[in-house]
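Have a look at the structure below, then the notes.
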Amino acid sequence: MPYEKELAAAKKAVSLAARLSQEVQKSLLQSDVRSKSDKSPVTAADYGSQAVISHVLERELHPEPLYLVAEENAEDLHKNGAEEFLESITKLVNNALASDDSYANSSLSMDDVRKAIDHGRSQGGSSGRHWILDPVDGTRGFVKGEEYAVALALLVEGKVVLGVMACPKLENHKSSSSGCLFFATVGEGAYVQSLEGDSHPPQKVQVSNIENPEEATFVESSHKPIPIHSSIANKLGIKAPPLRIHSQVKYAALARGDAEIYLRFTLKGYREFIWNHAAGAIITTEAGGVVCDADGNPLDFSRGNHLEHKTGIVVSTKNLMPRLLKAIRESIEEEMLLSETQLKL
């Protein structure tokens, strides 16, 4: 199997990070949620998860240099007043590492943790190898005790070749244990196993085989509804209410056939970060799905930290994609026409 060593390292890293995040979520208080410079929420789990994954990848793949494109950095952890927070993060990191026998004697200092977090400052690109990480994707859901993902992917020469995603709050259909670990390698299919690593072997996942769009289900965020989604659903004749899920867990739900359509249309000028889509995209693609922009072009992860695409992200099955793209084009044209009419009034 290609990238066998990398996949094993990624699964170990993500599993340990998920363990850390679960411990934080169990005892999380609103006072534990901080704001970054861009006003988005961040918790000890975001920093701790990134530190664990950075440390495990560096150790498991030594002597290969680690280039990590990740959401967090340790800038705020160097500021006055951050020492107590950093100390709690360091304790979480060491507890998570100690839960794995091969890391039982691997104790990190506060400075080690900051350095591990700051490995995530790589800019990615079209050459070399870059790991892409969202240490806690869906922090808003995480702080409410709801779904979130720990999402890691490997970019080689500008192409995503491997993805691992922990979904600690997603029900496992094949096991009584909670939590799922999804993984995929290019050309090898997508799989899911229990996050707790029980005796059940990994199961191959496949997207839904529904051919009639009227029978399809949207998967959407738990935030407010987006009007264009309703327009597209009406054109396809979809009657079922959407499945509401936070974060990249939406990709996982679609990959195993829980839903058939995931759309992401953001405000004009917003640029998508690659760590919000890389792992989910390859898992869904390897499960037989299609991930593209609203023009039907594949997503390009080789342009640095951001995706360079024109309009929206569209995820669905091969059966439904042609009719879905047609409905999207018609809905966008109608929206533009309505905007032009309102401007003239």
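Glycine is no exception: its Cβ is also placed from the backbone N, Cα and C atoms.
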Listed alongside T139, S247, K250 for adenosine 3',5'-bisphosphate in Swiss-Prot, from R121, R264, is R264
Which one of E71, E72, E75, E196 goes with D134, V136 at the Mg(2+) 1 site, as Swiss-Prot has it?
E71
Out of the recorded positions listed (D46, T139, K250, R264), which are within 10 Å of E71 (Mg(2+) 1 binding site), Cα to Cα?
D46
Most Cβ neighbours within 10 Å: which of the recorded positions D46, E71, D134, D137 is it?
D134
